[in-house]
Amino acid sequence: MTTPANAQNASKTWELSLYELHRTPQEAIMDGTEIAVSPRSLHSELMCPICLDMLKNTMTTKECLHRFCSDCIVTALRSGNKECPTCRKKLVSKRSLRPDPNFDALISKIYPSREEYEAHQDRVLIRLSRLHNQQALSSSIEEGLRMQAMHRAQRVRRPMPGSDQTATMSGGEGEPGEGEGDGEDVSSDSAPDSAPGPAPKRPRGAGAGASSVGTGGGAAGGACGGAGSEDSGDRGGTLGGGTLGPPSPPGAPSPPEPGGEIELVFRPHPLLVEKGEYCQTRYVKTTGNATVDHLSKYLALRIALERRQQQETTEPGGPGGGASDTGGPDGGGGERGVAGGGEGPEEPALPSLEGVSEKQYTIYIAPGGGAFTTLNGSLTLELVNEKFWKVSRPLELCYAPTKDPK
């Protein structure tokens, strides 16, 4: 039984793809017109899609007419990849390929010496690789320096013009004490209600040149006596007539120059501090590299000085001087009172400043008005401000005595 002729013609009909349907024929150039072709586009036309090198012994697929090197496409078919690497058309075997000597002749016409072309390509690749590596290294270094400078500018805030290298850790904006006269004025101002009589005793070493924390607290201790706090007032004298930066242990190296200043409000913990004990709000301005331990030690020293000043202010002229009224006009009664002071009540010892430690007080922060968080003593104020606060107003901290200082 024979197949009808129309059925045979239908099976041989070539089905055009959408791309082929929209193709338009190009007119052949018959004159001597020359067209400039860039080496990059020419190389892409003469390149094997498998090895990305110039075609060698060109083989063309019979169905999709894509060109490959003979070794490349044969190796691909032997590995079991029975499809065109470019368009995924099915390739049964080597019988689906045909040689393309015309394309090899075209390549030979453009590049007569293939060995010279390959040597030139190797030299170009080596030079490009070397220049690219150097340029990448220099650009990476420049980018790193630029990023470091940007982060440094964001983190370091320049201090105000005319400010001291170490900020005063006393409250307010008062002038530092300049000598004994200033210390006496502060002491007299802090105790306006005291009865006239002998001037209150001043601790030794409170002269104009005293700047140590242990013995030079007399000029500043009186500023916090009674209910009025020197930290919240305008009489902002500093310890020992000098300035009080972050306290540091004896023998420690001097602190670096501050990159910026931080203002903070120091309040007693509303839950852990009993009312009336020392419910003073302190306004402190210090450097950003001061740590939480510095604040704790400053607070312990400050409160010890306040208690010492209160005891000195309320203390009489002598332990037993008020008990004798038989003294002569030359003030001998005072000496008898002192001599007989053993019979009166024993005077309480003044608080010592030698045992002051940063472990006596714990610093807390309540970010966003939430729960209180205990701050680690090694954290700097700049890090606390960036990590917990993140608002453009003075840093607010709370303090409370440590339950079990060690």
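Using N, Cα and C of the backbone, Cβ positions are placed for all residues, glycine too.
In Swiss-Prot this protein carries:
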COMPBIAS  175-187  compositional bias 'Acidic residues'
COMPBIAS  246-258  compositional bias 'Pro residues'
MOD_RES   Thr24  phosphothreonine
MOD_RES   Ser38  phosphoserine
MOD_RES   Ser140  phosphoserine
MOD_RES   Ser187  phosphoserine
MOD_RES   Ser190  phosphoserine
MOD_RES   Thr215  phosphothreonine
MOD_RES   Ser229  phosphoserine
MOD_RES   Ser232  phosphoserine
MOD_RES   Ser248  phosphoserine
MOD_RES   Ser254  phosphoserine
REGION    151-263  region 'Disordered'
REGION    230-406  region 'Necessary for interaction with CBX2'
REGION    309-354  region 'Disordered'
MOTIF     201-204  motif 'Nuclear localization signal'
ZN_FING   48-88  zinc finger
What else in the chain is close to the zinc finger (48-88), if you only count residues 6 or more beyond its ends and a Cβ gap under 8 Å?
94, 96-101, 103-104, 107, 111, 114, 117
Which of Thr24, Ser38, Ser140, the listed modified residues, has fewest other Cβ atoms within 10 Å:
Thr24
Rounded to the nearest Å - Cα separation of Ser140 (phosphoserine) and Ser38 (phosphoserine)
32
Whole-number Å value for how far Thr24 (phosphothreonine) lies from Ser38 (phosphoserine) (Cα to Cα)
24
Residues in the zinc finger (48-88) per DSSP class, helix first, strand next, coil last, are 9 helix, 9 strand, 23 coil
